[in-house]
Amino acid sequence: MGVFGYLRERTPCHLTLLDPVDVGPEEVPEVLESLVKAGTDAVMVGGSTAHASQVEAVVEAIREVADVPVILFPNGPEGLAPNADAVLFMSLLNSRNTYYLIEAQVKGAPLVERFGLESIPTGYLIVGEWGTTVSVVGDARVIPFDRVEVIVAYALAAKHLGMKAVYLEAGSGAPEPVPPEVVRRVSGIGVFTIVGGGIRSPETARELAEAGADAIVTGTAVERDPDLAAEIVEAIKDL
């Protein structure tokens, strides 16, 4: 079936995002314990400044405590590791920098092939009205939440370029999550919709899932309060 098929079968699903810069291998068991019990569907590993050695070590630690797929969330070729199951092979569609549109992908593709990773082609969109780390590092022309038609147009571009998923990213630690109406409009075009950033409560996660999000990503909430993150997982699973 593959990892992407597994995720599609479990929608709405929950993805735990671990940034190896913030969560080291020795911290993985404690962070993941409550999330695995709550039913998180997969673990994503990566971040804006993570490097291969850090990623590989965290993936190995996850393998020891969780029997769920491990999906790479790379910041570039340096975010790839051979011991994961799959990779979100992303293009940052609203970046001003061609490196994040295609150059990083050209450098990373041979590694994906060599490592035998399942590739999930993904249109990555940074949305909102504030400067998060990912928007700064990715040199993104951030799309405000109220420009719904523009966001949908980007998502349609991803769909017609053959991408399997669209990732709506408000950014790690964002003050607000992606609004349900934006999620509703994007999921309505018939593309697998991943939503992350600013999700701090079970109620918010439930609203986004009800709006059509296929996958809900929590990262900072996981690192700060694993038990709260577990409640978010349970809220999604109760639908």
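Just so you know, glycine gets a Cβ as well, placed from its N, Cα and C.
The Mg(2+) binding site feature in Swiss-Prot is assigned to Asp19, Ser48; the stated evidence is sequence analysis. Under DSSP, Ser48 (Mg(2+) binding site) is assigned to coil, being neither helix nor strand in the three-state scheme.
Taken residue by residue with DSSP, Glu169 (sn-glycerol 1-phosphate binding site) is part of a strand. The sn-glycerol 1-phosphate binding site annotation in Swiss-Prot covers Tyr167, Leu168, Glu169, Ala170, Gly171, Ser172, Gly173, Gly197, Gly198, Gly219, Thr220.
Thr220 (sn-glycerol 1-phosphate binding site) carries a helical DSSP state (H, G or I). Residue annotation for sn-glycerol 1-phosphate gives Tyr167, Leu168, Glu169, Ala170, Gly171, Ser172, Gly173, Gly197, Gly198, Gly219, Thr220. The furthest Cα pair among them is separated by 17 Å. Within 10 Å of the C-beta atom of Ser48 (Mg(2+) binding site) sit 19 other C-beta atoms, taking all shown protein chains into account.
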